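Structure record follows, encoded as C-alpha cells.
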Amino acid sequence: MCEIAKVICALIVMAKDGSLEKVYNEWTLVGALTASGLPAAIYALQNSLLQISYKNLDSLTFSILNQTKIIFTALFTYLILRQKQSIQQIGALFLLIVAAVLLSIGEGSRKGSRSGSSDQILFYGIIPVLVASLLSGLASALCQWASQVKKHSSYLMTVEMSFVGSLCLLISTSKSPDGEAIRRHGFLYGWTPLTLIPVLSNAFGGILVGLVTSHAGGVRKGFVIVSALIATALLQFVFEGKPPSFFCLVALPLVLCSISIYQKYPYQVKKKES
C-alpha cells in the first residue's frame, strides 16, 4: 500500500509540473531496469527487514539506529561515485558509529533483563534495522548514480522502483507468514482508518525528502532529520507513555551532533594553484 501511494503521489507531481508526457514518451523498459531495477529490489528487502525491526524495538531506538544509513551511504557513494568525505564528516560518522554501538548494546541488555528475550531483540530488532540501513546506503548510492550519471528523473524512479518493489513483495508473500495471513483473512484484515497515517506518511515523506534536498539543500535536510528524531522522542512519550531510556538519552545528542556536522561540513575540492 505504501508503494501504491508513492506511485500516485509521483504521478500527480509529474502531471502538475508538466513532465509526465515527456517521461512517458522517452520511457524504455531497458532504461527502467538499468536505473531502477536493482535499487527497487534492494529497497523491497530493506522494507521487509524494517517491518521485522518495527515489532521488536521502540520507536526512538529504531529511529536512532536507522540513522546509521548515513555511514553506509557515505561508504557506497565513495565506492560507486568516488564521492569523498571531509575530515569533519569522517568524525561525524565516527560519532554515529559510537551512538549505534552504545544503543545496540544498551537496549539489548536492558530489554533482555526485563523480558528474557535479549536474543530476540538482537536478531529480530537490532540486526534487521542495521542490515536495512546498509541496504539503504547501497540503494541510495545506486539511485544517485542513476540520477546524476544516467540523468534519470527522480519522480520516474519513484514510480519504477515502487512497481518493481511491489512485485518483489507480492512474490515474497508466497512463502512468508504475512502471505499466509493475507490468504487466510484477506488483504486489509486488521486495517483501520488510522492505518492510513503511516502508509501516506511514508509515501509523502519519500517525495518530500527529494524536494527538500533539491530546493533547500543538504544542510536544511540535516535539520529536518534532527527534528524528526526529537519529534519521535516526544511522540513516543505522549502516545506510549514511555520516556527515553538512559541509553537513548546518551545516544540521541551524539546522533544530533553527527548529522548536523556531517551536513554542515561537506567535502570541498581543493583548487589547484595556477
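First residue shown is number 1, and so on along the chain.
Cβ atoms are placed via backbone N, Cα and C, with glycine included.
Annotation comment: TrEMBL describes 24-44 (among others) as transmembrane segment.
Positions annotated as transmembrane segment by TrEMBL: 64-81 (among others).
Residues or ranges marked as transmembrane segment in TrEMBL: 90-109 (among others).
Feature annotation from TrEMBL assigns transmembrane segment to 121-143 (among others).
Annotation comment: TrEMBL describes 155-174 (among others) as transmembrane segment.
Feature annotation from TrEMBL assigns transmembrane segment to 194-212 (among others).
Taken from TrEMBL, the feature transmembrane segment covers 219-238 (among others).
Annotation comment: TrEMBL describes 244-262 (among others) as transmembrane segment.
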Distant-in-sequence neighbours of the transmembrane segment (64-81), which means Cβ under 8 A and at least six residues beyond its ends: 50, 57, 89, 93, 96-97, 99-100, 103-104, 126, 129-130, 132-134, 136-138, 140-142, 144-145, 148-149, 225, 229, 248, 251-252, 255, 258-259, 262
For the transmembrane segment (121-143), distant same-chain residues with Cβ under 8 A (at least six beyond the ends): 38-39, 42-43, 45-47, 49-50, 52-53, 55-57, 61-62, 65-77, 79-81, 100, 104, 107-108, 111-112, 154, 157
